[in-house]
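Asker: Sequence annotations record features per position, and here TrEMBL assigns transmembrane segment to 6-23, 35-59, 71-92, 113-132, 144-166.
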């Protein structure tokens, strides 16, 4: 296995541990939840094969489902995120294309690119997660408030993670 594979495995365990042990109980105003674990999926290399991405998304969501005692809703939301990720990356492709080893990095991609990418995918993940959790459309207003506020909180945490832990240089250089 390559060094990069070990880095991804390490990131998986770190994001899972932080989500399960620390962030699980972080709720603002009983509506904004932080789901830091999806950073693992969002920050994977751009050229990640789709099947591998979908499998990692399923395992990531399933891991959270096991610890949160939910019945596959995190797995479903993660698989949806992973399914849509390549299409979002395609839409956001810069004029000079992505470099072979590019990863999702705020410093390299820029604020606007990162904001569109992260907010859209986090919003889709949270939309699926909260409506699957609810099981119906009876409390649409409150659920949409949870989706929007949780998206903003998670996005803010993703920004902090990027600023603190991700290199300013491209990974391939």
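Every residue gets a Cβ built from N, Cα and C, even glycine.
Automatic prediction, not curation, is the source of TrEMBL annotations.
A quick note: this is a predicted structure, and the numbers were derived from the prediction, not measured.
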Asker: Between the transmembrane segment (71-92) and the stretches 6-23, 35-59, 113-132, 144-166, work out which stretch tops the count of Cβ pairs under 8 Å.
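Answerer: Per the Cβ count, the answer is 113-132.
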Asker: Who are the chain neighbours of the transmembrane segment (6-23) in space, where the CB to CB distance is under 8 Å and they lie at least 6 residues beyond its ends?
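Answerer: Distal contacts: 34-37, 39-40, 43-44, 56, 60, 63-64, 67, 157.
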Asker: Using a Cβ cut-off under 8 Å, which residues of the same chain at least 6 positions beyond either end of the transmembrane segment (113-132) come close to it?
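Answerer: Contacts with the transmembrane segment (113-132): 35, 38, 42, 73-74, 76-78, 80-81, 84-85, 88-89, 92, 94, 104, 106, 143, 146-148, 150-151, 154-155, 158-159, 162.
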